[in-house]
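Here the structure comes first, spelled out in structure tokens, and everything after it is commentary.
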């Protein structure tokens, strides 16, 4: 198909940066100092105060535009559905946190209640999240193991094991909330950007494997103590397989039936989601059926099936977090805070883009921090969001139903909790496992990443394996380390290239990618697509030498050695070398300085024929053009290395030009006294074509000829 292309013709002078500034007046901006920014930040007026209130309480903003008649009924239906799912997941995920199931109901209520007023997302459902529950559970089982003595913490005196675990979980959650609130107040929400999608995917996949293994004891009806530390997953599997002959057949059969039915119905929900007005709440249905069957056939007594047991009726009085637990769990609480916010923010961002509204990362940190601190005071554990609940809310097109979801959780906790007492623990374990499908399916990303981006694949696999074998907290650190290494690798070893002109255009591309190209003789265009800093300046210089085909410092040394030989020949009577003394004006001081080459005779034609015993590398390059369009910054070390490299080329009679240099970098070069009698501001050009045309014209003038003529340019 022939595509119509518009054409344009521009007639203008060939500009260098200096000549461009002469013809076009530049605005010199005054940069604000740190004190100016501080004053602006502390200044307050009525408008700013109003914006601050609206920012801290987003509910005021969306309540003003809420359409009661159009949205209320749908939000009630959505709130009931989402609330019931949050209750079931709260019960199930409390097992991951090594807590009694009833405390999962608290997590479905308190954090959501607070987030409703402070959060900026209108779609995410705040509550328990399996990865966070597992990370909290790791701290709980470390400080209060199932077998053996708990940690030496004063606040444990006089408490049962369950009460000790609740205290640890709530204290860790409170500390997690402090971290999130502090990051929000300090406006460091950007920190979550260091967790790439690849890293989060590998990490959550590893967490899914940990969750799967941790639930085997409930599905099989075994008694397996919690294990922490590196290789904990391997040791847990060992203990499971040692007891495999003691499997409770009733619990296993019930788990398999639950998983098969829930899996099939979920697949049907996905396949027919366009036709179903509301997804079938299969978790709720199967939970109700399992409770009835377990109660009717007395599974606890007849088949020795472990059940939920006594549920907490109503809400308990608030508790004060334990400072000693803070000290013991600070290292784990920080990654929990980061992961919880990263997952919630990424999900919220997806729905904000889909429904065309904005979310504030720093306000989200404040909202989650306050929510977790408030919830922890009432014995809930770490809260974030779960994609399944948020997807249900999105499917029902809710506007903001967090309050209704929280009310449903409150009703169940206060009035209906006793109905869940005969629920088998194996059912909760089965519900946890079947909800891992989405995270476990992320293993399919490995071949895709390997084909598209191998460093990203290394990050995914390294994070996943590190988290599986070493634990989630260490695995997250491993993933971050690998991710930073890939950034260092990409910037320290960028893909440099030699550019050439595409015939008949003013465009310049990598010469390896095109056939119809034109490369002017004696001109080399070199591009580095990354910042230049202390770690890659030597790589830059090596690649530059490789691109031009000679080492300018070696050429300088050879020429200096040749000058000494020529001087010796002149002194011993080689008069047939016509005009030797005139062509090589030297003095004793200049010839005795092997390192200082400032006084090399620039009029010598080193490419001409020299005496037989004198050999100097031939340099056919007359112009070197450096494309700095992708260079975003230079540090001091790189600046020194760059200046040395440029001087080496200048001293072998190669004209150097720098193109498309960022204004900030140019300003920094001036402030750092980069320019001198050899490195001039006239070396800088706005475009590649300007530099190439100037280089060819200057070369013609140096040869005594005319300007560019009869070339493909």
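Each residue, glycine too, has its Cβ placed from N, Cα and C.
The annotation domain 'STAS' is assigned in TrEMBL to 513-695.
Annotation comment: TrEMBL describes 72-96 (among others) as transmembrane segment.
Residues annotated as transmembrane segment in TrEMBL: 102-119 (among others).
As annotated by TrEMBL, transmembrane segment applies to 126-145 (among others).
Residues 97-100, 103, 136, 139-140, 143-144, 155-156, 159, 319, 321-322, 325-326, 329-330, 332-334, 336-338, 340-342, 345, 360-377, 379-383 of the same chain lie 6+ residues outside the transmembrane segment (165-192) yet bring a C-beta within less than 8 angstroms of a C-beta in it. What TrEMBL lists as transmembrane segment is 165-192 (among others).
For 199-220 (among others), the entry in TrEMBL reads transmembrane segment.
Summarising the annotation, TrEMBL assigns transmembrane segment to 240-264 (among others).
Here the transmembrane segment (276-297) has Cβ contacts under 8 Å with residues 77, 81, 84-85, 88-89, 91, 254, 258, 261-262, 265-266, 268-269, 305, 307, 392, 395-396, 419-420, 422-424, 427, 431 of the same chain, all six or more residues outside its ends. Per TrEMBL, transmembrane segment is recorded for 276-297 (among others).
Annotation source TrEMBL lists transmembrane segment at 333-353 (among others). Distant neighbours of the transmembrane segment (333-353): 120-124, 126, 129, 131-132, 135-136, 139, 172, 175-177, 179-180, 183, 189, 191-192, 195, 197, 200, 203-204, 326, 359, 361, 364-365, 368, 372, 382-385, 387, 390, 394, 472-473, 476-477; these residues of the same chain sit at least 6 beyond its ends, with a Cβ under 8 Å from one of its Cβ atoms.
According to TrEMBL, the feature transmembrane segment maps to 365-383 (among others).
According to TrEMBL, the feature transmembrane segment maps to 403-436 (among others). Sequence-distant neighbours of the transmembrane segment (403-436) (same chain, 6+ residues past either end, Cβ-Cβ under 8 Å): 75-76, 78-80, 82-84, 86-93, 95-96, 101-102, 105-106, 108-109, 112-113, 116, 125, 130, 208, 211-212, 215-219, 221, 248, 251-252, 254-256, 258-259, 262-263, 266, 283, 286-287, 290-291, 294-295, 299-300, 305-315, 388.
Sequence-distant contacts of the transmembrane segment (457-482), counting only residues of its own chain at least 6 positions beyond either end whose CB sits under 8 Å from a CB of the stretch, comprise 131, 134-135, 138, 194-196, 198-199, 201-203, 205-207, 209-210, 228-234, 331-332, 335, 338-339, 445-446, 449-450. Positions annotated as transmembrane segment by TrEMBL: 457-482 (among others).
By the Cβ criterion (under 8 Å, sequence separation of 6 or more), the transmembrane segment (102-119) is not in contact with the transmembrane segment (199-220), since fewer than 3 such pairs are found.
Same-chain residues lying 6 or more positions outside the transmembrane segment (240-264) and placing a CB less than 8 Å from one of its CB atoms are 213, 216-224, 282-283, 286, 290, 299, 303-306, 424-427, 429-431, 433-434, 437.
In the predicted model, the domain 'STAS' (513-695) has a mean pLDDT of 82.
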